[in-house]
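Quick look at what TrEMBL lists:
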- Trp25, Glu27, Glu38: Ca(2+) binding site (BINDING)
- His86, His237, His241: Zn(2+) binding site (BINDING)
- 65-87: transmembrane segment (TRANSMEM)
- 99-116: transmembrane segment (TRANSMEM)
- 123-142: transmembrane segment (TRANSMEM)
- 148-170: transmembrane segment (TRANSMEM)
- 191-209: transmembrane segment (TRANSMEM)
- 238-258: transmembrane segment (TRANSMEM)
Amino acid sequence: MSILQIPYREGRDGFWGEQTSTLNWCEEDYNITYYCAELVNTLTNLMFMWLGVKGLRNVLEFKHSPIFILAYVGYLVVGLGSMAFHATLKYEMQLADELPMIYTVFIMCYATFSYKRSPRTQLLIASIMVGLGIFITVYYLYAKNPVFHQVAFALITATTIFRGFYVMEYQLRPQLRERNPTACSRIMREMWTLALVSIITFVGGFFIWNMDNIFCRHLTTAKNQLQLPWSIVLEGHGWWHILTGLGAYEMILWRIWLVRCLSGEEEKFMLDWRPWRSIPQVVPRTHKGATKSS
């Protein structure tokens, strides 16, 4: 068994030099490799790369609303920024991780509030979003307070989600009852399931992230006893990346499916998904790659 237990390196110096970021995580710096400050936290962002490319291909292939191209590009930028941040622990790379999170959720917020509005109203909503984005950016650069960033991100995300719930129940459900009563219950059940699974996945990642912060000292002791590669499973911030990457992807898909149904296209498209067992996608009903028929 000792052959399968690789000890961490003792040195704490690294290729990228002194940490300048305002945050550091429980994974010990340069413990696995000299060239990457937090290797596990860096590599777990590959979840964003995989799902971001998958989402972009889905939008382009099936001609979903162009706003979701921007959403998935933002999603990819968040993943790339997070990889750069955890690899270097430099303040500039921290900003490349955190600020795109704000901008990407603003894109989704715009998609939620501007749907089927007049051009003038859409422009007003876009102006408000841009203004808020600039304010958050400038204040965060001045204050350098991670709590402010986290609270701002949480508030924008919650606003977007609750607006989506309102649209589902007070706009989509009445439309489906009138237009497609036989499919109404099934479609609404699918949509609520996708929304709740995405939220549970996201909140689960947030919970593990906080447990990683609170019990870091005990986890570090356990990791040094387990040694590599087994200790990797105790890197809680890495699990945050995996779970929030999946949860955010599912939230974007939820909005895509909602837009298709609001547009009266529920008979042309379907939510191809097995909850907890597959990655969701919104595809034409004639798509050969679908794993489920609705």
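Every residue gets a Cβ built from N, Cα and C, even glycine.
Curation does not apply to TrEMBL; its annotations are automatic.
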Return the stretch with the most CB pairs under 8 A relative to the transmembrane segment (123-142), choosing among 99-116, 191-209, 238-258. 99-116
Cβ neighbour count within 10 Å of Glu27 (Ca(2+) binding site): 27
Residues of the same chain, at least six outside the transmembrane segment (191-209), with any C-beta under 8 angstroms of its C-beta? 161, 164-165, 168, 172, 236-237, 239-244, 246-248, 250-251, 253-254, 257-258, 261, 271, 273, 275-276, 280
Counting only pairs 6 or more apart in sequence, are there at least 3 Cβ pairs under 8 Å between the transmembrane segment (65-87) and the transmembrane segment (238-258)? yes
Would you count the other C-beta atoms found within 10 angstroms of the C-beta of His241 (Zn(2+) binding site) for me? 25
Surrounding the recorded Zn(2+) site, with Cβ no more than 8 Å from the Cβ centroid of His86, His237, His241 and those residues left out, we find Trp25, Glu27, Glu38, Val40, Asn41, Thr42, Thr44, Asn45, Ser82, Glu235, Gly238, Trp240
Taking only same-chain residues 6+ apart in sequence, whose CB is under 8 Å from that of His86 (Zn(2+) binding site), what do you get? Trp25, Glu27, Cys36, Ala37, Glu38, Asn41, Thr42, Asn45
Given a Cβ distance threshold of under 8 angstroms, which distant residues of the chain, six or more beyond its ends, lie next to the transmembrane segment (148-170)? 98, 101-102, 105-106, 108-109, 112-113, 115, 136, 139-140, 188, 191-192, 195, 199, 251, 254-255, 258, 262
One finds that other Cβ atoms within 10 Å of the Cβ of Glu38 (Ca(2+) binding site) number exactly 27
